[in-house]
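Have a look at the structure below before the remarks.
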């Protein structure tokens, strides 16, 4: 039996019962009757999650109009728009409308319990509504379409799309767009826009030119922007926006009595604008689309890029300081990303470009040339710059799939060598990224025999130690320590692992652990004795520096007896007074003779402990100096605690 047959035999998961399902179960035969006034077209009927648009006229059984959406019956001419299963509706319509076809007119005769007299009805009856009467509801189903949750993916069935949780914005797709990308803040958008009120009156006529606006700057009503934010290029749609999302904007004035607006929108084009840092300083603006799908076809990983670019200063004259087409004889420039060969802001933006794309990049000094070692002539320190970049193409790194073991190790060594070069240049973050890239790739490598296993293990250990060295340079000694532990867990006698971990311990002030690791180096590998000895000398120097720092920090403190401690003593005396005042208050309430006896006992006890402290102090002082700053403060705290205790015991 195959998997499909097995799945078919599995018991189907029961769909959880909704509140509307529970309401339908309470329907009594004869409480809802339907008569078709005008047949509709087609075979399909609305279902749960469909958006429905309909006119409704309520009459008494004598034909008197109670309320209506139609203008000829005293209504505003604005049809009702609901989503089956999501909108709050009276039970009779919830049950009756799904039996209708598009453009059908039907008359529903409802008992009171089928409209507003239903127990726990989710919809409140309008004022003076005869909710306890049997009534006729005349419904004209104008349109219906599937309403889906907000998504950036195309809907292939010309469905409606719910763009807000409260159903205040719903989009109906008329013509599909191209691609999956939709505009968002701060994209620049160009679109044909017209609008009608819910009753069909034109309130915004089509313009001669498409409307241009920047997304996220309140240049169009909020609901319209929400809807456009779900559209693809060249898509055409109707966006239904209810009153709560009709905000004032330069596009149009919103009249007070507008309950709903239907916007017809054709998204002509949008320009991708990216705030790369999130603070408005580094902005990438696409001025010509590239080939392929964003971001799948961008050089996101380290690649070999081919570009043309023009750089200019953001001064009054927009001074051009470099143009590759002129300076390089119209030959493109090539560089490998991930190696610090171009300014950081430049590389960040090119990684998000498509082949053939042209982008305009505005960059602050710290991401342009202030931290870049090779600043072009004519670019002063602190200069804001603008680059016009054209990505001609790029080559991705070689795929390791299908390579034999030796080829994989050769590729790994090439990347590690690049990392080593970056490390020597002081580009520790970039070097670390190279080592970590190989380690990720190694997760998919399976050596076939013991020889390959040894080569592979040695290479992986070396990469971990390279990462540890980078972390140490970046000031992250704890992470460096953890990385070294991976090596020593894999190979407990790894001399270089002990060395690197010892350096991490030393950076963190854990001198005892560092000394143990350097001594272990010699023990596991005699040839490393010279390196270990040099490390131990450096460790001794560090300890002496720490001791000197401790002496300066506690200058004069170790040369005094407990009763003579000045700065600390003053704080203790302050606390002592507070406690003594409380004790005196308590003593005044008791017997004087008993109080005097207790004070005499306390004095003898304090004197005995003071003599013990005076004898112990030189020993404590010695210990503190020997062990250095790490435990000095802790022991000092213990001693002060003992001293305070002696005062009150």
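Along the chain as shown, the residues are counted starting at 1.
Even glycines carry a Cβ here, placed using N, Cα and C.
Per TrEMBL, the features are as follows:
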COMPBIAS  589-600  compositional bias 'Acidic residues'
DOMAIN    49-145  domain 'PPIase FKBP-type'
DOMAIN    302-395  domain 'PPIase FKBP-type'
REGION    1-24  region 'Disordered'
REGION    575-607  region 'Disordered'
REPEAT    495-528  repeat 'TPR'
TRANSMEM  623-644  transmembrane segment
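For the repeat 'TPR' (495-528), DSSP puts the residue distribution at 30 helix, 0 strand, 4 coil. Residues in the domain 'PPIase FKBP-type' (302-395) partition by DSSP class (helix H, G, I; strand E, B; coil) as 14 helix, 35 strand, 45 coil. The average pLDDT computed over the domain 'PPIase FKBP-type' (302-395) stands at 95.
Per DSSP, the domain 'PPIase FKBP-type' (49-145) is made up of 15 helix, 37 strand, 45 coil.
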